[in-house]
Amino acid sequence: MAHIQSIISNALLESVSGKNTLVNDLARRRMYDTAVEEFNARDRRPKVNFSKTISEEQTLLVSNAYPEFQITFYNTQNAVHSLAGGLRALELEYLMLQVPYGSPTYDIGGNFAAHLFKGRDYVHCCMPNLDIRDIMRHEGQKDSIEMYLSRLSRSNKVIPEFQREAFNRYAEAPNEVCCSKTFQDCRIHPPENSGRRYAVALHSLYDIPVHEFGAALISKNIHVCYAASILAEALLLDQTEVTLNEIGATFKREGDDVSFFFADESTLNYSHKYKNILHYVVKSYFPASSRIVYFKEFLVTRVNTWFCKFTKVDTYILYKSVRQVGCDSDQFYEAMEDAFAYKKTLAMFNTERAIFRDTASVNFWFPKMKDMVIVPLFEGSITSKKMTRSEVIVNRDFVYTVLNHIRTYQAKALTYQNVLSFVESIRSRVIINGVTARSEWDVDKAILQPLSMTFFLQTKLAALQDDIVMGKFRCLDKTTSELIWDEVGKFFGNVFPTIKERLVSRKILDVSENALKIKIPDLYVTWKDRFVAEYTKSEELPHLDIKKDLEEAEQMYDALSELSILKGADNFDIAKFKDMCKALDVSPDVAARVIVAVAENRSGLTLTFDKPTEENVAKALKSTASEAVVCLEPTSEEVNVNKFSIAEKGRLPVCAESHGLTNANLEHQELESLNDFHKACVDSVITKQMASVVYTGSLKVQQMKNYVDSLAASLSATVSNLCKSLKDEVGYDSDSREKVGVWDVTLKKWLLKPAAKGHSWGVVLDYKGKMFTALLSYEGDRMVTESDWRRVAVSSDTMVYSDIAKLQNLRKTMRDGEPHEPTAKMVLVDGVPGCGKYKGDFERFDLDEDLILVPGKQAAAMIRRRANSSGLIRATMDNVRTVDSLLMHPKPRSHKRLFIDEGLMLHTGCVNFLVLISGCDIAYIYGDTQQIPFINRVQNFPYPKHFEKLQVDEVEMRRTTLRCPGDVNFFLQSKYEGAVTTTSTVQRSVSSEMIGGKGVLNSVSKPLKGKIVTFTQADKFELEEKGYKNVNTVHEIQGETFEDVSLVRLTATPLTLISKSSPHVLVALTRHTKSFKYYTVVLDPLVQIISDLSSLSSFLLEMYMVEAGSRXQLQMDAVFKGHNLFVATPKSGDFPDLQFYYDVCLPGNSTILNKYDAVTMRLRDNSLNVKDCVLDFSKSIPMPKEVKPCLEPVLRTAAEPPRAAGLLENLVAMIKRNFNAPDLTGTIDIESTASVVVDKFFDSYFIKKEKYTKNIAGVMTKDSMMRWLENRKEVLLDDLANYNFTDLPAIDQYKHMIKAQPKQKLDLSIQNEYPALQTIVYHSKQINGILAGFSELTRLLLEAFDSKKFLFFTRKTPEQIQEFFSDLDSHVPMDVLELDISKYDKSQNEFHCAVEYEIWKRLGLNEFLAEVWKQGHRKTTLKDYIAGIKTCLWYQRKSGDVTTFIGNTVIIAACLGSMLPMEKVIKGAFCGDDSVLYFPKGLDFPDIQSCANLMWNFEAKLYRKRYGYFCGRYIIHHDKGAIVYYDPLKLISKLGAKHIKDYDHLEELRVSLCDVACSLGNWCLGFPQLNAAIKEVHKTAIDGSFAFNCVNKFLCDKFLFRTLFLNGC
């Protein structure tokens, strides 16, 4: 396997280094995916906090030793033996990691506080007080619990849920948590049925006598015991002192006593028995009974700590008991000959231990003893004339090197001095060619002399042995032993008698006549032996009392459980509730019961208030006869209008202009017929339902009223927009906007060409300037007009009379404006797609008595076709109808049963009307709660939340689909609760295809199979123009079934309705029975869904899975007004620190090689989806220019090199920017809605309305313009003076160019995307000079806003931003909201222009100048002279316009003001498209995404965050104020810029960065909150304090900053 993995890695590296770009990209992607998987796996490791202060080397040591944990080193606590103390927590977690979670566990000598903090309620700690140190340690554990509880109390918190059981157990039965008995004497036993039992021993094993260990384990029925002990292998080899350098500890042995202590520390020593330690090391079997033994197995060695486990073994399974284990007889008798009891015991152990019979195991567990030998040393005493012997451990190669060398000496040269000289020479360092080379063997110099004597004696004896063997052997008259002694005497000379005694005594030479007799008398005793500490009384260690804290926590939990039944309990302020209970000294449980009783009206106290929603206001108002008449009343700006005054007066305020309407009040004058609608004044249609009305009656009646009003509002919006199209006399062109058409009666041509023809009605403008509605008729294809008609406006909403006819018929069913509530029984059939509505119910409907209603004509035709397939005509136009058909042409007939298909797509009031009109006894409403619901497309009309739920009597669930194939059915499992089954025999049906653009599709060259479906109406019209027939949108075919479906997406703009959770995607995927193919121009979530479904294995297609994600509420730290202290940031680190931090936050970006991307794009074939434009291909090849080399950055970031402008580069930028604008807007009455939005804008952001109404006249005047001109530069005035003003300037013509430097994104998109350049669309200098004064004056006017609550970031310094956010109250919990809008400038359309135009008008802008500005932002022409491109754009914000910045700021403020309750905002800041808002926590916000899509055409996402992010800066709060940090990651990205021309340019960059990032030089907070804020945005971010220090270091030093860039590239 290792060989295969090596081959794969080598092949992958070869692929990366190859020349094939595609293979390189795939290989890099594979390496990236592998790295991501590895990092994700690391993040899943258990997390451990290491608070002790240790060195960097020790940090690396700990990290490498414990790879199972994700360790965070805080270095915040100085302590004695910091490394060993911190390792103790890691060692405990490692031991507990081996134990199955929840299994009963004994911790021998353990830390019960550590287990309480981890919530382990299954651990019992045996904590005997064997010495004073144990008592001290146990008191410290109780102190840690006290500190923890006091910290919770100080912060008004309770014990967390995961710790409650453990703390309850300690409070109720402390002896079950810990006892003062030894493990052998412990009497605590878990329940018998609690499963296997375990034990852990952390540095406590040596305190248990070895002969008691097995019996103690079996008495607790321990299955496995895991132990960790500190051990030095040299201690087993008669060493009297051994140092453990890694943890700074020392073992010291004196006889059988072993002391353990830490160097240079005054802490008490640990004492153990040497024999006990030795037994635990050398024994493998620990007998527990005649049958059971515990077998020891070493696990791992980490930082001087040995881990092992003792496993319970039943020896009867091996057919032998422990007593039958025999001993090695040779070792046994050899041991008996030795008089030392210690050696005899050791020999007995050698017969049992299995580990030392395996050389590999010995080398593994004793790595330092590998290739080491024990050599005796001889030392003589001058005074006593005696010689002593000791032993030393040296390297085996060293010994044989010395012996082999000196064995070559001649007899005369073999002296002690020569041997010592050679040993010293090979031990010393050697200098070779001026370089010092260290000796291979590290032998202590102190033992070289006695060691040389040993080598000398061994060589002498070996030489003597050789002489005896090789010499001629003669006995003569001496015995053999005498001859040998003679030879030995000749060899050693005069020292022979002493040497003889020593050799015989040490068994180097042995004779039979001398017997070994050793007697060791007790010569002395030590002072320690005389010191005896006796205890006269035994005391139990008292337990810590935590009952009070647990009682408080229990009471709070009970109180919150009681309060959870209240409506809106998720918004309950727990902190205020706790403060109230504490201030009033009342039990939380009692207070909660009182609150619930009051809320449920069980206390005798009636609440006179409720949340003023539409639902509650409707309940509070009484129904009176006067409410049937709703009138319109013009209101002045001084009158405060609210929904309560509207309901009381029965009048509606006129929000828009009256268009000449003089009556103060208009009674209900509904149009009785279509004839009344013909030539009706537009004012009578527009001024209907322009404000939110509080409805009365039952909920069904309220829904029906709302539906009628929504039809009127839709008609009003359509007529209003048509009137606006007729008033826009400038800019008509035949290249229309598709939705609206304007016919010029005089010229007999379309000024704006509509997408379709044959409109039923429209709005007419006559020569007198009056506008009225008209019913249209045709003679052939020509529209019939009258002589006084000037223009006719139509739209896609005027094709039929639907809304008009519906209003007419529904009002006829109402009596005095009150609809009748339907009395029929209503049953909701909630079924999955294809659940068999037709097969199960529709096939059994009665021809004469039942009625089936469907949304569209296609569905009605399908049902009729199926019902009549047998030849018998059962379904007709009378009993199978569309919803619109029944509402527009009701027939006076009652039905027994009513079937409404896709009823949840309809307005709830519409469903109620259908039931009422049909006169049925029971109504079955078929729908799918997961598919597309009813969408309110009239954005200026309210559709309250409580109206969305259909009121039914029964709900029937259906979870079996007869339509969907197996792969689609698998997709449905994640959408519905419960199992979704299918009866389809088709397993695989979905596929996708990428197309190069809409130009690829043609009905002849590329026919599409089956039903053709699109997501948007724009794509539908595009396909119809290309010749495709029978095309519908997804919304239109909901509820229908087809064998084959072709789904087409031609819009490259991101669509919010295409997502994994979108109901549109669900509907699109569930319309087919056989095949489904998706044609798309971009990769989107639906492509990913299809890819995932295609890769499923066959057996998975029959499985189901339902998962629900958890929601978390983000909270933000509170602050209060104050000031920031200044503490200089340390200047440390180097550029590798910056590179490391950048790679961690944005992994893979630094590996992108983008130097030749622009060249590659020019050389390769490109498929571009281009809108209408004119291209000059003569400029496709740019002129070669000499480019001066730029400075090369040392840091590798995603920064792109500068690009040269050209046809291709500019065209790509224009396609991705200007041609990629979203089209999401629904039906809007533009002028009326803009007026309402601007009203909210001024009401929300300005202190008083009078402030900007009274000062307008004195601002936009000639004098004010002259004052502005006095402050302008002479160059601008000269340009204006020389300009020819005989005619209006070309206000609608703009120039186009691109920025040479692409904008860096702080994401990973650079790895798979060619970033488009930013476009600049700008006016001429003369036009900018004219409009510059207007922009400046409007900026001054906007200073009238409420500066305490809102900040418009115009000419503000970072210090002013910081000051603005410094007064937030730290005691008020807040939600930080950030609206992220993509393509902000390009999304702005006619509605945005109307809003901005209305704001400028109210600020006093001259009418003529305002009209000039408006025409300059409507239909505009763009010319790019460098690239040779010309195109036309409708609206869109121009990036080079003088009003761009102030206009964008105003639009984002108006947008948020129209969607969010700005009266409740705490703080808000706006700058261009950036915004950040602070609201009180717990507010209910509307559907921001839907409103932003349908009203503002914004692809927006609303984020709730903990920290604010505004204009590239993090807003960090603390208890003394706020600090605004420039985004460090953005700053580091700029340090990798590749467009720096020279060092002067580089210095300008440094000064600029110093100005914006000055706050990084203040270290008063130490950057922890900044790290948390960055982590909130970049999930892979780590603690970046080291990088921030490094940034500050480089920015503060001009010359050091230069080292980040190299001269030349």
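In case you wondered, yes, glycine gets a Cβ from its N, Cα and C as well.
Annotation source Swiss-Prot lists ATP binding site at G834, C835, G836, K837, Y838, K839, R866, L962, R963, R1071, D1092, L1093, S1094, S1095, citing similarity to another entry. The domain 'Alphavirus-like MT' annotation in Swiss-Prot covers 72-281 and rests on sequence analysis. According to Swiss-Prot, the feature domain '(+)RNA virus helicase C-terminal' maps to 959-1111, an assignment based on sequence analysis. Per Swiss-Prot, domain 'RdRp catalytic' is recorded for 1374-1487, and the stated evidence type is sequence analysis. Annotation source Swiss-Prot lists region 'Methyltransferase' at 50-453. Look at Swiss-Prot and you will find 828-1080 tagged as region 'Helicase'.
Comparing Cβ neighbour counts within 10 Å across the binding-site residues R866, R963, the minimum falls on R866. Neighbour counts of Cβ atoms within 10 Å were taken for the binding-site residues G834, G836; the minimum is at G836.
For D1092 (ATP binding site), the count of additional Cβ atoms within 10 Å of its Cβ stands at 14 [all protein chains shown]. Listed in sequence order, the residues of the same chain lying 6 or more apart from S1094 (ATP binding site) and placing their CB within less than 8 Å of its CB are D967, R988, V990, S991. Helix, strand and coil content of the domain 'RdRp catalytic' (1374-1487), in residues and according to DSSP, is 41 helix, 33 strand, 40 coil.
DSSP gives G836 (ATP binding site) a coil state; it is part of no helix or strand.
R963 (ATP binding site) falls outside any helix or strand according to DSSP and counts as coil.
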